[in-house]
Each structure stands twice: as structure tokens, then as C-alpha cells.
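Asker: What follows is a structure written as C-alpha cells; I'll ask about it next.
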Amino acid sequence: MRPRVQNTLKTSVTFEGVGLHSGHPVKMVLKPAPAGHGISFKRTDIVLGNTVIPARWDMVERTALCTRLINDAGVSVSTVEHIMAALAGCGVHNALVELDGPEVPIADGSSAPFVRAIMSRGLHRLGSPVVAFEVLKPVTVEHNGAKATLLPSDRTRIEFHIDFTDEAIGRQSKSLDLRNGAFARELCDSRTFCSRSDVETMQANGLALGGVPGENAVVFDGETVESGSGLRHNDEPVRHKMLDALGDLALIGGPLIGHYVGERAGHALTNTLLRELFATPGAVRAVICDAVMTARLPGQGLIWSEIPAEIARVA
Ligand SMILES: [Zn+2]
């Protein structure tokens, strides 16, 4: 039996904010989409040519600090990882994400506002089974002391290890089975972070112009933390890296059935890993989920009342 649980949004949802790197104001509208559509972005501020950008690994333009998608017409959208993580973690398989600017709004630096908006309105079931991507062979990529690996598994598992010189971060490791509501409970509220020294470098290069420490990013400086009202988790940085990984892995085109291991990895390396996965013969296959596999999918069966109160009530 193949449960027909492909989902989309019940209604459109609008967000207004600024892009983290561009600092530009932007309006984003999440819209329902039919079964088989997947996730795609559309630039409504551009009138000529192809303005739709499929959320797919082969549309990623190499970038160090965020994930940027670009289509054949040169139309791009930046910083897609947090909204992609929210959609994947809530089990939204189909959506059209309209933007009137070049970058997804950063909100509070986490995926929690997106999860809250999506789940408070509920999901609409489309009557088709879910197509997932199953890892069949181990694949590893390495670059500059960072490493990313995909291993066969019977579920979505994300494992991450980080090691920062800032004492307030230090070494952190976490591994999580992403089934059902694990993303909403454990990862979605962990915020973007960086070191104080990176802020000056990024802003000198015209990046992080919309960043406000404590408001939409956590800034670490040695033993000091600029985080607004404190960290949301003691290991908030590694949780955010896992959030980013889920968002970047969602560019595979559907739920991932596999075990991802990131060691100091970033957006570019995770994308290189997906490229290597598809370049390796027999390493991945699309599979129509049976009942057992469906029950283990991220977001499967998640309902509003399961969203933790501190995430549900944040304005
Ligand atoms: Zn991030």
C-alpha cells in the first residue's frame, strides 16, 4: 500500500521582512501547488522572461554564506535554505514561493516563523503518494578540512559536528532522526549565527547588510554572545547547521531517505555532495513511499497542537 499523503499548503501565507545579505525589503508569499509540482520560487518583480526557479540542487550557484538558486534566464533567489527547511520539516511537498525581491526574508534568523505560519493554517492533502530520494551507496566530499557524507538509511537522519575557536561555541555534535515533528520540536527555532570577526569581513564585502545581532542572528565573540534574550538552546549553533543541512538537502527534489553527516560543512559543500550523489552511478533512486517509509518521513502526521508552545506563540 502506498499512502496518498502528498501535501501542499491549505492557504497562501505572506511574510514581509528584509534579506539578511542584501538588506532589501521583500514580500514573500507561499502559495499552494498541485501534486508533483515540488517546490519552486518565482520572482514577481521581474516581468520579462522566465521568472520561475525550481528548488533543485542543479540550480544552485556556488556561494559560501547562503544558498542561491539561479535559472537559465539568469533570474536568481538567495538564502532559500531556511524556508526550504521549514517546508521539508513540516512535510509540505508542493508549494510556489513568490518573492518581489532577490532574497528570502530572514525573519528571526530561524525557520520558526515559517513553521508557525504553515502549521497554524494546516496542510491540504493532494491524494498522491510521496516520491522520496533514497541513498543507495555512501558518497563523501571534502574541502578545506570540512566533510559531508550521505549514507544509506531507512529514514531521514541528520548528524552534524562543528568546531569553532569562539569558546562560546567550541565543539558541538548532534544527530537526529527527522521523522514526524522532530524538526519542529528540535531544530526549527535555532538561529543563524556567526563570529564577530566575520561580521566586519562580510559587511566590507557587501554581505550581511540586513543582519541585526540579537534580532535575526546570533553573534559570538570569544566567550561573549550577542543573542537578544539568550540562546534558545545551549547547542543552538549545531542545531542551526542541521536546519541549514535539511534545507539544502531538500533541493534533492523531495524527502531524503538517507543519513547525512556534516563535519564543519557549509552550504557549498552540501550542494557538492548532492552533485556527487547524482554523478555516482547507482547511488540514489527515486522511490514511491510505501506505508513504512511514509510513516518515517519528516513532517508526516505533524499537527498544530504538537508545535512547542514557545514556537507557536512567538510573534
Ligand atoms: Zn542558516
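From the backbone N, Cα and C atoms, a Cβ is placed for every residue, glycine too.
Automatic, uncurated: that is what TrEMBL annotation is.
Predicted, not measured: the structure shown is a model, and the values here were computed from it.
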Asker: For the Zn(2+) site that TrEMBL assigns to His240, Asp244, which of His82, His93, His124 is also named?
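Answerer: Between His82, His93, His124, TrEMBL records just one in the Zn(2+) site with His240, Asp244, namely His82.
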Asker: Rounded to an integer, what is the Cα-Cα distance in Å between His267 (active site, proton donor) and His82 (Zn(2+) binding site)?
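Answerer: A Cα-Cα distance of 12 Å.
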Asker: Near the Zn(2+) site, what residues other than His82, His240, Asp244 in the same chain have a C-beta no further than 8 Å from the centroid of the listed C-beta atoms?
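Answerer: Going along the sequence, the neighbours appear as Glu81, Ala85, Ser110, Ser111, Ser190, Arg191, Thr192, Lys241, Leu243, Gly247.
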Asker: Quick check on the recorded positions: of His82, His267, whose CB has the lowest count of neighbouring CB atoms inside 10 Å?
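Answerer: Comparing Cβ neighbours within 10 Å for the recorded positions His82, His267, His267 has the fewest.
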Asker: Could you list the residues of the same chain, at least six apart in sequence, whose Cβ is under 8 A from the Cβ of Asp244 (Zn(2+) binding site)?
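Answerer: Within the chain, Asp244 (Zn(2+) binding site) has Cβ neighbours under 8 Å at Glu81, His82, Ala85, Gly266, His267, Thr270.
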Asker: Give me the non-local Cβ neighbours of His240 (Zn(2+) binding site): same chain, 6+ apart in sequence, Cβ-Cβ under 8 Å, ordered along the sequence.
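Answerer: Spatial neighbours, sequence-distant, of His240 (Zn(2+) binding site): Ser110, Leu187, Ser190, Arg191, Thr192, Phe193.
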